[in-house]
Amino acid sequence: MDLLKQRILEVGVVASDQVLKLDAILNHQVDPVLIMEMGKEFARLFRETRPDKVLTVESSGIPIAYTTALQLGVPMVFARRKKTLTMDQDTYSERVPSFTKGIVTDIMVSSHLLPKGERILIIDDFIANGDAARGLIKIVEKAEAELVGVGIVVEKSFQNGGKSIRERGIRVESLARIASLANGQITFD
Ligand code: G4P
Ligand code: NA
Ligand code: NA
């Protein structure tokens, strides 16, 4: 997605050889027009897979999953990281290590929101080692729902996440693939 790559070059901050900060458009401030274009692109890529629902994890996945779901005309569900007072007792949960934060968190989805057999499209902002995506995939599997694919805004292809999920036969589409962040330079694939 050329518009996204252009914006990444404009506002992306290379925090280290491993981490790209996109706080201006995605992870802190949100650019609604750009996020809507992402949703249109994911909808175009995955419409033929006939998703019933879009699944992401809070917080940064939410705007992208929302515009994707809006374009597809289906609901969006986000996995929570904290159990809320009102949340059902009956949840699917997974333990997920976070690459950027260096901690382990639990993500959870109320089981009634993922009926058996439903066709699920997973959307997230970044893929690094793929732990977050794997956690969501496990939740889909536990629900006996059907995963139609994974859409990622920024795939860091120098890390293993996208590759390892594709190797399982799962369709992964990313809107921008970054080959390297070495020497403070953003290099696309
Ligand atoms: P992985 O799931 O693919 O292994 O990635 P990782 O554990 O690194 O993901 C943990 C968090 O870090 C995720 O956000 C993910 O989106 C984010 N992340 C990974 N690499 C980068 C990067 O280069 N830049 C930025 N900005 N984020 C990255 P999260 O913990 O779910 O937090 P939230 O932003 O969704 O609240
Ligand atoms: Na995320
Ligand atoms: Na994030």
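Glycine is treated like the rest: Cβ placed from N, Cα and C.
According to TrEMBL, the xanthine binding site annotation covers L20, N27, K156. Sequence-distant contacts (6 or more apart, same chain, Cβ under 8 Å) of L20 (xanthine binding site) comprise I8, G12, V13, V14, V154, K156, I178, L181, I186.
If you look up TrEMBL, you'll see 42-157 marked as domain 'Phosphoribosyltransferase'.
Residues or ranges marked as 5-phospho-alpha-D-ribose 1-diphosphate binding site by TrEMBL: A128, N129, G130, D131, A132. Of all Cβ atoms in the protein chains displayed, 18 besides its own lie within 10 Å of the Cβ of D131 (5-phospho-alpha-D-ribose 1-diphosphate binding site). Classification of D131 (5-phospho-alpha-D-ribose 1-diphosphate binding site) by DSSP places it within a helix.
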Query raised in the report: Mind checking how the domain 'Phosphoribosyltransferase' (42-157) divides into helix, strand and coil residues in DSSP?
Result: 35 helix, 44 strand, 37 coil
Report summary line: Counting other CB atoms within 10 Å of each candidate's CB, the least crowded of the binding-site residues A128, G130, A132, K156 is A128
Requested in this report: Indicate whether N27 (xanthine binding site) is helix, strand or coil by DSSP.
Outcome: coil
Query raised in the report: About how far apart, in whole Å, are the alpha carbons (Cα) of D131 (5-phospho-alpha-D-ribose 1-diphosphate binding site) and N27 (xanthine binding site)?
Result: 18
Query raised in the report: Taking the center of the Cβ atoms of L20, N27, K156 at the recorded xanthine site, which other residues in this chain have a Cβ no more than 8 Å from that point?
Result: G12, V19, K21, L22, D125, F126, A128, V154, I178
Report summary line: Other C-beta atoms within 10 angstroms of the C-beta of N129 (5-phospho-alpha-D-ribose 1-diphosphate binding site) total 16
